[in-house]
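Notes follow the structure.
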Amino acid sequence: MGCYDVVEVVVVECLDVVATDDPAVAFKDIDAAFLVGAMPRKEGMERKDLLAANVKIFKAQGQALDQHAKKTVKVLVVGNPANTNALICAKYAPSIPRENFSAMTRLDQNRAQSQIAGKLGIPVSDVKNVIIWGNHSSTQFPDLRHATAHVNGQDVPVYDAIKDDAYLKGDFITTVQKRGAAVIAARKLSSAMSAAKAACDHMKSIWQGTPDGHFVSMGVFSDGSYNTPEGVMYSFPVTIQDQKWTIVKDLPIDDFAREKMDITAKELCEERDDAISACQD
Ligand SMILES: NC(=O)c1ccc[n+]([C@@H]2O[C@H](COP(=O)([O-])OP(=O)(O)OC[C@H]3O[C@@H](n4cnc5c(N)ncnc54)[C@H](O)[C@@H]3O)[C@@H](O)[C@H]2O)c1
Ligand SMILES: O=C(O)C[C@H](O)C(=O)O
């Protein structure tokens, strides 16, 4: 979206736009950063194939945030591979708490909710507590084990509402994992409006918090919860209060989920190592 679009999109209450390519102007005393500027993938690529092209952008943006932004700034990384770019951005902004950095998996969460809402013929907002574990990539694990759907006046587990475990453990997961690629195949361009909506949803959750009993998914630094590798930007279910996220603890993890959570963790560790060495070049 260009500057004129931002001003003229009437759903956004936009007071002003400053168009600049000077980081000292762009990042000066900002409260929130939506880091979108990066190369998108083409058909046939995985998002991690963008690492070499994009990771240095996030190194430079981390350095600029470190120098110019408020120390309370909340930074959302959208440019792919989003989780690892967020990790690098935080690494090069050491004066900003690393909890202030997050990577977008809200688009995956919204996609998962919309698949289930479509199956049940209910509004998307009636599906809650879908989890995206791990990387915003084709290894992500969209998990419905803890999700509920509002059907016939009550919240019921999605597994009970759908009554089709083969679908929920099969096509549902691969559809969400491959949705970005399906959009690129159809448009010859990456998702745009749905990604912008997800970025707004993500930041709105940070600013307004999560309602009681609800959680959302975002890529945040792993503290080792759920036996994930500490220090990678892993997508977890989180609750948010006073602009601080907390990983939802103690959800039961069965063998099916464990295997999928480990696959996406392994990919994140590989990406982290590649990104760190690319930044040292
Ligand atoms: N995490 C998600 O869910 C999600 C969703 C959609 C898109 N994306 C990613 O967002 C990124 C942007 O996608 P797009 O479709 O808008 O691409 P695009 O090619 O339409 O736009 C990219 C923009 O980045 C700018 N840019 C290039 N180098 C830059 C730099 N060094 N600093 C600042 N800006 C720079 C370009 O000028 C261009 O305007 C891609 O990496 C894409 O894969 C992520
Ligand atoms: O798939 C992509 O490369 C773009 C974006 O990450 C998406 O999920 O739509």
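Cβ coordinates come from backbone N, Cα and C, glycine included.
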Residue from ASN54, ASN110 that TrEMBL also lists as binding NAD(+) with VAL78, GLY79, ASN80: ASN54
For the domain 'Lactate/malate dehydrogenase N-terminal' (10-101), the number of residues DSSP places in helix, strand and coil: 39 helix, 9 strand, 44 coil
Residue among recorded positions ARG41, ARG47, HIS136 with least C-beta crowding, 10 angstrom cut-off: ARG41
ARG111 (substrate binding site), number of other Cβ atoms within 10 Å: 22
Count of other CB atoms lying within 10 Å of the CB belonging to ASN54 (NAD(+) binding site): 25
Contacting binding-site residues, sequence order - ASN54, VAL78, GLY79, ARG111 vs ligand 2, Cβ under 6 Å: none
Spatial separation of HIS136 (active site, proton acceptor) from ASN80 (substrate binding site) - C-alpha basis, Å: 8
